[in-house]
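In what follows, a structure is listed as structure tokens, so that the remarks can point back to it.
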Amino acid sequence: MIILKRNIVFLLIIIIVLGIFIATSIEIKNYKLSLNQNKNEISKNPPIWPAPFYGQFGNNSILISKEFNFTIISDSTLLLNKTLSKYYNLIFTQDNLINSSSNTLNKLNINLKSKNEILKFGFDESYKLIIKNNENSKLEGNTVYGIMRGLETFYQLIKYNFSDNSYFIENCLPLIINDKPRFPHRGVMLDTSRHFYSVDTILKVIESLSYNKFNTLHWHIIDSQSFPLSSKSYPNLINGAWSKSEIYSYHDIKRIIKYGKENGIRIQLEIDMPGHAKSWSVGYPDLLPHGWNDSTTTIKCPDYDVPLDPSSPLSLPISFGLLSEFSGTDYGYNPNYDDKSNNLFNLTVDDLFHVGGDEIEYQCWNNSKRIKDWMNENNLKTFQDVAKQFQLKIIKQLLKIGKIPVLWEDTFQLFYKDLPKDVIVEIYHDQSTAINATNNGYKIISSIARYWYLEYSYSNWIRAYNFEPTLNISKSNIHLVLGGEGAIWSESIDSSNLFQKLYPTSSAIAERLWSPIYYTNLLNAKSRLQSFRCSLLKRGINSAPLNNSSPLSAFSCYNS
């Protein structure tokens with residue numbers, strides 16, 4: 001009996017080992033098959049992230065001479081020169097002892113086709129990079145932003161040999177890359193209300209986004225918990241900030257927008273309304289519903305999520321004033337500020353403006369006699385009618401001042417087919433809402449929480465990489481998917497752990513939004529992402545390891 005049991009155990013072990021071997025063989029076979037089927041899918045060497053639209057690679061290498069320079073062969077701009085200088089300094093941080101010769105790479109010709117530097121939705125980021133030999137190497141872009149994306153690719157191609165103090169490009173020449181993004185809107189949302197981030201931290205976020213070939217920082221600047229936005233139209237609003245030192249001044253905002261342009265990153269502001277408005281009331285108490293915090297009522301209003309009172313005589317003027325002030329326009333809603341000499345109304349902000357519209361707690365309006373009387377006067381039957389009227393006025397105001405309204409999906413669910421078609425809907429609950437919105441002709445931005453919310457403990461790069469934002473959307477509606485965003489909600493995140501939460505998961509989102517849809521091979525992606533993570537660490541971006549929130553033991557970054 002004992003011998004029989006041992007034989008059974010031995011047989012089970014053999015079956016398990018054989019099963020693992022077969023599964024591994026199938027996985028490797030499928031991996032090779034995937035690479036063979038997708039002829040454009042980039043090899044693990046060179047490990048470019050995000051993968052380009054098209055790449056053709058040889059097997060040769062080349063040394064880079066110490067005389068190497070970027071040679072502009074077209075018209076130049078200050079921003080182009082600044083970008084080239086930035087990447088030169090990022091690349092060449094060590095001694096280079098290689099003299100120039102006919103066998104070394106001595107220059108990269110830069111051809112800028114247009115001096116147009118307007119940074120708005122849909123701007124051109126395409127580029128072409130050719131490296132054959134010293135006499136036939138160039139980077140070409142229709143705009144300086146295409147040159148930026150191409151320089152990031154060039155940066156990732158270059159390696160350094162400490163044994164002979166040389167820079168080189170390895171085993172991929174001759175090289176031709178034709179690259180462009182799959183989606184026009186690719187970003188990360190950063191919540192600066194739950195925790196305040198310094199301007200320098202936000203600038204570092206912008207820089208890291210450019211390395212990932214993102215193009216948008218969605219700045220969720222205010223919320224219920226704090227109001228750190230300094231308004232010269234309504235200066236008492238900053239009384240809702242966490243402290244007097246945790247405020248974004250007008251100068252700070254201009255600095256962030258300027259740095260965004262220098263890195264090819266649009267800054268899309270979000271001023272969430274009418275929900276999440278408790279912090280507004282610290283400076284202007286009449287903005288909230290009377291009786292919202294009445295402890296004697298049976299229907300309680302959550303004190304962290306109190307909405308504006310649309311019946312308040314201040315609600316629309318302050319809301320319109322903020323939209324006008326931070327859109328760079330003035331339509332008479334800024335009574336406390338009429339001195340335009342200091343460029344308050346010259347903010348260069350994005351053409352998309354996010355106004356929230358999510359999670360309106362209707363029970364907070366239920367305890368207010370003023371709201372109910374106002375509803376009767378205006379023939380509004382339900383609190384949904386109240387929300388619709390307010391939101392429609394905000395949407396029309398944004399369109400009046402030349403901005404494209406973006407709202408969370410709650411507003412689409414509130415209006416359904418009656419929502420103006422100018423509105424872009426940001427989807428965060430479920431893909432079924434994305435399908436429903438696009439079937440009804442609405443443009444969408446995808447930010448599905450279970451895949452692309454970065455603060456969750458289960459958030460990881462594989463989960464993010466495997467989500468396809470066009471999943472089950474009809475072919476005729478694919479054009480309505482404008483792109484997507486990873487989201488950082490900051491209840492449990494501050495400057496101490498921000499970048500570990502951002503990366504590498506956001507990098508996976510970056511490739512999903514930039515690269516062709518057929519890039520789905522996880523083995524290939526893991527190899528390239530490990531290399532890219534090392535390049536982030538080298539540049540001071542503190543990305544977490546791929547498989548854990550912190551290192552488990554001693555390893556090279558290429559194996560973490």
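For all residues, glycine too, the Cβ spot is worked out from N, Cα and C.
Taking Asn161, Asn548 one by one, Swiss-Prot attaches N-linked glycosylation site to Asn161. Minimal Cβ crowding within 10 Å, among the glycosylation sites Asn366, Asn472, is found at Asn472. Checked against Asn293 (N-linked glycosylation site), the recorded positions Asn59, Asn161, Glu359 differ in C-alpha distance, with Glu359 being the nearest.
If you compare Cα positions, Asn81 (N-linked glycosylation site) sits closest to Asn161 out of the recorded positions Asn59, Asn161, Glu359, Asn366, Asn547.
Cα of Asn99 (N-linked glycosylation site) to Cα of Glu359 (active site, proton donor): a span of 63 Å.
Cα separation, Asn547 (N-linked glycosylation site) to Asn436 (N-linked glycosylation site), rounded: 35 Å.
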